[in-house]
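Pasting in a structure now, in structure tokens, and then I'll have a few things to ask.
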Amino acid sequence: MAQGFKVRDLSLAGEGRMQIEWAERHMPVLMRLRSSMGGDKPLSGVRVAACLHVTKETAVLVETLRKWGAEVYLAPSNPLSTQDEVAAALAEAGIGVFAWRGMTPEEYKWALSTVAGREPDIVIDDGADLHVLLHEEMRSVGEKVWGGTEETTTGVIRLRALEREGRLLYPVIAVNDALTKFMFDNRYGTGQSTVDGVLRATNILIAGKTVVVAGYGWVGRGIAARFRGMGAKVVVTEVDPVRALEAAMDGFTVTTMDEAASLGDVFITATGNINVIDARHMEKMKDGAILANAGHFNVEINVAALEEMSVSKRRVRRYLDEYRLPDGRRLYLIGEGRLVNLVAAEGHPSEVMDMSFSNQALAVLKIAGERGRLEKRVHRVERIQDEMVARLKLETMGVRIDSLTEEQKLYLQKWK
């Protein structure tokens, strides 16, 4: 008989349930969607495999899907991001969760294989590790999947590559590309939670520090804005000339990483690319420089190069490692170069995940409702869904907006 769940400590379930209830109070849109079905079960009998950070907000999504009738299995999307108390609460509630904080790479792969082995109808992913597994080692299972969703920029990039090669086995809805996701989750959520992670890991004063932000996409914009708001001097590095120009006109210093390396007190990567901070950059950094990554995978900082160029390494705080270089300089790495906001903090605030996970829930309903009719490609979230989520969010915030008059609607349709 298949194992029902695996978590670190089931006795943490009470604490986890309180965390989930706190998130529910701050996720009114998703809770309204949950209750809108009444006693209907639109996902009755549908098996959902989810690869998501196991947080209190994820729990609200998972329990919404289950209330709608789905059979949900959950694996983490990062070995270090699971909130053990939340995992315990979900297990106690009967969810098939296979996650604990501090998994080895082998345990992480086992968890993904375990949820994939439940032969899901729908796949929810954050980073596309589960999608890729279903397209490679477990392809026979992937061929039976109705469709999936993807939460992150990194994951969408991987899935579009599969689509370009003609290898995508099932339709995927790019939840990341919803306006009510990336404009808020990526910018406000990551911006705030990255600062939170750096502060929890180091407890340094931000005011007066030089913070180098690599990447000025929506994530980088949010990080740069929040650090500037706390009094930091922010330097942005970019490879995209349009984004670099935007950063410059937003008032930030823009330069190359080679130039910024000797300037920064804190370095944050947010590019989705590999070795953005490489050995040659670390060789130029000042004593005491702090390195953190806000991108999905731990590839943006060349940790292997840092290990190789160091003469010693020690854990100086819970999520902070000190690397001593041959000349005596010390560099500090937060969370092994993994997602700083989820390793050293609690991830995005519930209020922004409310919109992201509402989009996820609606995408799952769409896949189930249009089974067999969606093309095998990466789909964008429809504008009508974005507007619905935005309107619901505004309502829960007590914000009212205008509507076009009939005269205004007619005016916008004329050409002279």
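Start at 1 and count along the chain as shown; that gives each residue its number.
Every residue, even glycine, has its Cβ placed from backbone N, Cα and C.
According to Swiss-Prot, the protein has these features:
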- Thr55, Asp126, Glu151, Lys181, Asp185: substrate binding site (BINDING)
- 152-154, Asn186, 215-220, Glu238, Asn273, 294-296, Asn341: NAD(+) binding site (BINDING)
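Relative to the rest of the structure, where do these features sit?
Under a cutoff of 8 A between CB atoms, and with a sequence separation of 6+ in the same chain, the neighbours of Lys181 (substrate binding site) are Glu151, Val175, Met355, Ser356, Asn359, Val381. In the three-state DSSP classification, Lys181 (substrate binding site) falls within a helix.
Sequence-distant contacts of Gly215 (NAD(+) binding site), defined as residues of its own chain at least six apart whose C-beta falls under 8 angstroms from its C-beta, comprise Thr237, Glu238, Thr269, Ala270, Thr271, Gly272, Val276, Gly295.
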Including all protein chains displayed, how many Cβ atoms other than that of Asp126 (substrate binding site) lie within 10 Å of its Cβ?
25
Quick one: which of these binding-site residues, Thr154, Gly217, Val219, Ala294, His296, have their CA within 10 A of Asp185 (substrate binding site)?
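Near Asp185 (substrate binding site), where near means Cα within 10 Å, the binding-site residues are Val219.
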Relative to the Cβ position of Glu151 (substrate binding site), how many further Cβ atoms are located within 10 Å?
29
Taking the Cβ of Thr152 (NAD(+) binding site) as reference, which residues of that chain separated by at least 6 in sequence fall under 8 Å from it?
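Correct list: Asp126, Gly127, Ala128, Asn176, His296.
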Would you kindly give the Cα-Cα distance separating Thr55 (substrate binding site) and Ala294 (NAD(+) binding site), rounded to the nearest Å?
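Computed Cα spacing between Ala294 (NAD(+) binding site) and Thr55 (substrate binding site) is 17 Å.
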For the binding-site residues Asp185, Glu238, which one has its C-beta crowded by the most other C-beta atoms within 10 angstroms?
Asp185
For Thr55 (substrate binding site), which residues in the same chain are close in space, meaning a Cβ under 8 Å from its Cβ, but six or more apart along the sequence?
Ala23, Ser81, Gln83, Val86, Leu342, Glu346, Gly347, Met353
